[in-house]
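The following features are taken from TrEMBL:
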DOMAIN    1-254  domain 'G-protein coupled receptors family 1 profile'
TRANSMEM  17-40  transmembrane segment
TRANSMEM  60-79  transmembrane segment
TRANSMEM  100-122  transmembrane segment
TRANSMEM  142-167  transmembrane segment
TRANSMEM  200-220  transmembrane segment
TRANSMEM  232-256  transmembrane segment
Amino acid sequence: CTVIFTRLATRDLHKPISILFCNLAVSDLFTSFSGFWISMLFITNPDITIFGSRDMLAPYSLYTTSILSTIYNLVSIGIERYLAVAESMRTRFRVARNHSIAVVFINWVLAFFLGCLPLMGWNCLQAESNVSVLYSPFCVNYLVFIAMPNVAVAFLVPLFTYLRIIIILRKRKLRMQACGQATGTYQSAETQVARTSISIWLLALVSYAPFLAGVIFDAANRRCHTELYPGVYIFRNCTAMLITITCLGNPVLYTLRLRALGARLKALRGLSACAI
């Protein structure tokens, strides 16, 4: 909420990256809200969060939608940062405000469609044989369908984009050195981008890898709920806490360093223009 209100108050939403940051904050807000909803259901009626109930379909679907939206926003931000750095090199494509708005719209449409599939009928309220042990009444095949490709996207696409950013900055620094020009700005920018990129990737890895492991365990497991209680459900709660930590870490990684990182990128584009 602080990120959203700050963006609206400073009238900074005309920048494409600011739209993505604000939308990421909205996704984190939805994740927190749906997680609080699930926690209240556990407090009032713990059995339905373990054995499953129709009452769990809506909060789990909202939780899934918000997580998917967060993943798509993280990927979009990584791609936008790559285009911003590579803009003065080979590509002539400039990310505009309309592009960011379209990306936000597509991200939410895709997240809502995939996240609400259980509400549309892809659930195991009647098919007990394929029911998820950790997230009843979701089906195991639905969780595999959602988790596998999206977690892979969350890991691989940011890793590729941020590695490309670091490689581009390194090449520019070497070119400036060959021309006998100062490279202090490049060295500082390269270090900052590298640290931020590693932090982003590690946060996603720590947050979503346990959830993926839980889904794989769920797909390979055929035992009943009581045989797995309470250890597996403690692990499930820990994965939810890690995802919540992601919601707290995103504003620190993106918003608080946005001004400094933006200034670095502007300086780099200026130096590249002078060199060319």
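In case you wondered, yes, glycine gets a Cβ from its N, Cα and C as well.
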Same-chain Cβ contacts of the transmembrane segment (60-79) under 8 Å, 6 or more residues past its ends?
17, 20-21, 23-24, 26-28, 30-31, 33-35, 37-38, 103-104, 107-108, 110-112, 114-116, 118-119, 135, 138, 146, 150-151, 153-154, 157-158, 161-162, 200, 204, 208, 243, 246-247, 250, 254
Against which stretches of its own chain does the transmembrane segment (17-40) lie, if we need a Cβ under 8 Å and a gap of at least six residues from its ends?
1, 3-4, 7-8, 49, 56, 59-60, 62-63, 65-67, 69-70, 73-74, 76-77, 80-81, 84, 95, 97, 100-101, 103-104, 107, 240, 243-244, 246-247, 250-251, 254-255, 258, 262
Please give the sequence-distant neighbours of the transmembrane segment (142-167): residues at least 6 beyond its ends with Cβ less than 8 Å from one of its Cβ atoms.
64, 68, 71, 74-75, 78-79, 81-82, 85-86, 114-115, 117-118, 122-123, 132, 135, 190, 193-194, 197, 200-201, 204-205, 208-209, 211-212, 215, 218-219
Per-region confidence, the domain 'G-protein coupled receptors family 1 profile' (1-254) (mean pLDDT, whole number):
79
Cβ-Cβ under 8 Å with the transmembrane segment (232-256): same-chain residues at least 6 beyond its ends:
2-3, 6, 21, 24-25, 28, 31-32, 35, 38, 50, 67, 70, 74, 77, 133-135, 196, 199-200, 203-204, 206-208, 210-211, 214, 217
Against which stretches of its own chain does the transmembrane segment (100-122) lie, if we need a Cβ under 8 Å and a gap of at least six residues from its ends?
16-17, 19-20, 23, 57-58, 60-62, 64-69, 72-73, 76, 80, 137-139, 142, 146
